[in-house]
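Right, one structure below, let's go through it.
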Amino acid sequence: MDQKIKFTKMHGLGNNYIYLDLVSEEMALPALNELAIRLSNQNTGIGSDGMILILPSAVADIRMRVFNKDGSEAKNCGNGLRCVAKYAYDNGLVTSKTFTIETLGGNVKAEIVEAGAVSQVTIDMGVPRLERGTIPMAGDLQDQPVINETISLEGEEYRVTGVSMGNPHGIFFVDDIFSSPIQQLGPLLADGHPYFPEGVNVGFVEKITNQEFQYRVWERGSGITQACGTGACAAAVAAVLTEQAKKGEAITIHLAGGDLVITWDDATNHVLMTGPAVVSCEGYYYDAV
Ligand SMILES: N[C@H](CCC[C@H](N)C(=O)O)C(=O)O
């Protein structure tokens with residue numbers, strides 16, 4: 001069947017997805033997991049880190065579903081949320097500059113800080129989940145946080161901090177981001193390992209100052225990406241948990257694709273993320289299956 005599917009490709013700091021607007025027009029789509037794989041394929045599809053659906057919501061102003069390049073569905077996507085917010089505002093799906101977005105990881109609040117070709121968007125990502133059982137991570141004391149826990153992987157010892165932003169993150173602090181073991185630990189942990197039963201986004205963080213960190217990521221389901229919004233939030237939370245940064249202060253996370261400003265708010269315990277959202281292109285994909 002040759003189905004003509006309208007899409008918009010957007011990115012947040014180079015973390016790019018194919019967005020399908022199922023609010024403005026009904027589309028009967030094929031199996032979503034397989035469609036995400038086809039759209040993401042850079043040889044036979046459009047090429048991206050995955051697919052994001054923009055849908056009506058019964059509990060928020062709009063709803064986001066995110067699928068990785070391998071077709072797996074994730075519960076949250078920070079760069080995706082900023083792009084969904086941009087799209088919704090620019091295309092009149094919402095009428096205010098502040099609105100709510102439903103995700104599988106919980107509802108979040110979006111604010112269009114600056115509209116334009118490059119929109120600046122703030123997302124209130126809500127409260128980070130720190131208990132071992134919520135990441136989830138294997139081990140005793142499932143109701144306790146995992147902060148710089150020593151784990152042995154392939155004969156080497158590493159220290160990991162676990163943070164969930166609705167999706168799982170393992171944060172490893174390193175002395176030099178450019179010599180981090182991303183190629184070893186990414187494939188080993190991201191898509192299924194006894195220590196991370198649901199897989200994990202594997203993040204490496206180097207401290208520059210108390211308010212500035214470098215971050216690189218091997219994403220669950222997509223591999224190395226230019227940026228990971230939930231990962232940047234997890235990196236800032238882990239920096240506070242390991243007493244390398246202060247709660248309540250703005251923390252700049254430098255990612256391969258650019259910077260995000262993250263604040264883990266003292267009063268609300270919510271994590272705020274601010275950064276850009278950009279449309280790369282739009283058009284039609286001919287799904288010949
Ligand atoms: N790979 C992630 C989903 C995308 C998250 C990332 N692109 C972001 O901006 O937060 C996961 O499976 O949890």
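Note that Cβ sites are derived from N, Cα and C of the backbone, with glycine treated the same way.
Because the structure is a prediction, the values reported are computed rather than measured.
The substrate binding site annotation in TrEMBL covers N15, N68, G78, N79, N167, N201, E219, R220, G229, T230. Following the DSSP three-state reduction, the secondary structure of G229 (substrate binding site) is helix. Sequence-distant neighbours of G229 (substrate binding site) (same chain, 6+ apart, CB under 8 A from its CB) are G12, N15, C77, G78, N79, G80, L81, R82, I123, L260, M273, G275.
Annotation source TrEMBL lists active site at C77. A simple way to gauge crowding: the CB of C77 (active site) has 30 other CB atoms within 10 angstroms, across all the protein chains here.
Following the DSSP three-state reduction, the secondary structure of C77 (active site) is coil. Summarising the annotation, TrEMBL assigns active site, proton donor to C77.
Taken from TrEMBL, the feature active site, proton acceptor covers C228. The C-beta environment of C228 (active site, proton acceptor), restricted to residues of the same chain at least 6 apart in sequence and closer than 8 Å, consists of N15, G78, N79, N201, G203, Y215, V217, E219, L255.
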| request: Sort out the sequence-distant neighbours of N167 (substrate binding site) for me: same chain, 6+ apart, CB within less than 8 Å of its CB, listed by position. | output: A74, K75, N76, C77, G105, N201, R220, T230
| field | In three-state DSSP terms, the structure that N167 (substrate binding site) belongs to | value | coil
